[in-house]
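Undergrad: One structure, pasted below without further comment.
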Amino acid sequence: MTSCLKESMVFRVIFITFFFCLLVAPSIAELQRFKHNQKANRPLNFLVIGDWGRKGTYNQTLVAKQMGILGEKQDIDFVINVGDNFYEDGLTGVDDPAFYESFVNIYTAPSLQKTWYSVLGNHDYRGVVEAQLSPILREKDSRWVCLRSFILNAGIVEFFFVDTTPFKDDYFDDPEDHTYDWNGVIPREAYLSNLLKDVDSALAQSDATWKIVVGHHTIKTAGHHGNTVELEEQLLPILKANNVDAYINGHDHCLEHIVDSESGIHYLTSGGGSKAWRGDIKPWKPEELKLYYDGQGFMSVQITKNKADIVFYDVFGKVLHTSSIPKDLNPAA
Ligand SMILES: *[C@@H]1O[C@H](CO)[C@@H](O)[C@H](O)[C@H]1NC(C)=O
């Protein structure tokens, strides 16, 4: 009888511990992971678009149309969306009609009915962030997958999506211009240090042939906003230490390709989803700046284990720039 009681006590403790762990796990959990099953014997194909949600204006519909044409030609696997999804101030809630006016009713081509792996931009943080992250949007349109930070495993390629807006000091120090929805971000220091730790360990654990990091803000750019110094100081060392192949971003409303001659990292900006033509470009080493196009358009990427082919297109589908990045599978010791 007593031994039976003891046993049930032990079980109870185990149960309670187990459920307690389940409860606290989310706060210490690593980044959420998604898996894309790459079709055998064909490259991974995807498009990249950023800075787009303007209800079709500023050539958004022209870009959408060309994405649809190319998406069909390449039979794309998915779309990567680098943020600033809804201008000017994100979504007001899950019922904001902008979700239809700027997304559902714009990217209508059959080839674009694939998952859109999405991050948030600074403009999205000016609205209700939880709305964009809500599964209710996914019920309205199953393509929509938007998280702050997450990992996408696509076989030979692994993508690390990073929430870059909370890194920018301006948005916290000088918030008078705009209001930002920092629910879920503050306390900021803990948020950023956990995020950096998670990205670092996920990159270190990855055995993918290609490692690509995706964020909204620039790290290296000759464009309007310039380099994001907070990311250069805090995120870039992690990318270098883990031999990341490329960093893909938006924020500057242009199409741009910079190859850092020192680290070999490719900086790919695809922020031409709608309003563009700012006309300002800062000086950059010509041997590193492979493309700077100040107008609208998007990027396509095709990756095999041996190479990544990158192409930038304008609003007429005209090729602006191509680049083939070889993968040295046996780097010299
Ligand atoms: C639309 O694209 C064309 C061609 O690039 C460009 O000349 C025009 O200025 C763009 N319109 C807007 C509103 O950006």
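Note that Cβ sites are derived from N, Cα and C of the backbone, with glycine treated the same way.
Quick paste from TrEMBL:
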- Asp51, Asp84, Tyr87, His253: Fe cation 1 binding site (BINDING)
- Asp84, Asn122, His216, His251: Fe cation 2 binding site (BINDING)
Undergrad: How many other Cβ atoms sit within 10 Å of the Cβ of Asn122 (Fe cation 2 binding site)?
TA: 21
Undergrad: Out of the binding-site residues Asn122, His216, His251, give me the one sitting nearest to Tyr87 (Fe cation 1 binding site) by CA distance.
TA: Asn122
Undergrad: Including all protein chains shown, what's the count of other C-beta atoms within 10 A of the C-beta of His253 (Fe cation 1 binding site)?
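TA: The Cβ of His253 (Fe cation 1 binding site) has 25 Cβ neighbours within 10 Å.
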Undergrad: Identify, in sequence order, the residues in the chain of Asp84 (Fe cation 1 binding site) that are 6 or more apart from it along the sequence and have a CB within less than 8 Å of its CB; answer 'none' if there are none.
TA: Gly50, Asp51, Trp52, Gly53, Gly121, Asn122, His123, Asp124, His216, Gly250, His251, Gly271, Gly273
Undergrad: Can you give me the residues near the recorded Fe cation 2 site, meaning same chain, not Asp84, Asn122, His216, His251 themselves, Cβ no more than 8 Å from the center of the site's Cβ atoms?
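TA: Residues close to the Fe cation 2 site, other than Asp84, Asn122, His216, His251: Gly50, Asp51, Val82, Gly83, Leu120, Gly121, His123, Asp124, Thr164, Thr165, His217, Gly250, Gly271.
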Undergrad: Residues near the Fe cation 1 site, Asp51, Asp84, Tyr87, His253 excluded, by Cβ within 8 Å of the Cβ center?
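TA: Neighbours within 8 Å of the Cβ centroid, excluding Asp51, Asp84, Tyr87, His253: Gly50, Trp52, Gly53, Arg54, Gly121, His123, Gly250, His251, Gly271, Gly273, Ser274, Lys275.
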Undergrad: Determine the minimum-neighbour residue: among His216, His251, listed as binding-site residues, which Cβ has the fewest other Cβ atoms within 10 angstroms?
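TA: Lowest Cβ count within 10 Å among the binding-site residues (His216, His251) is His251.
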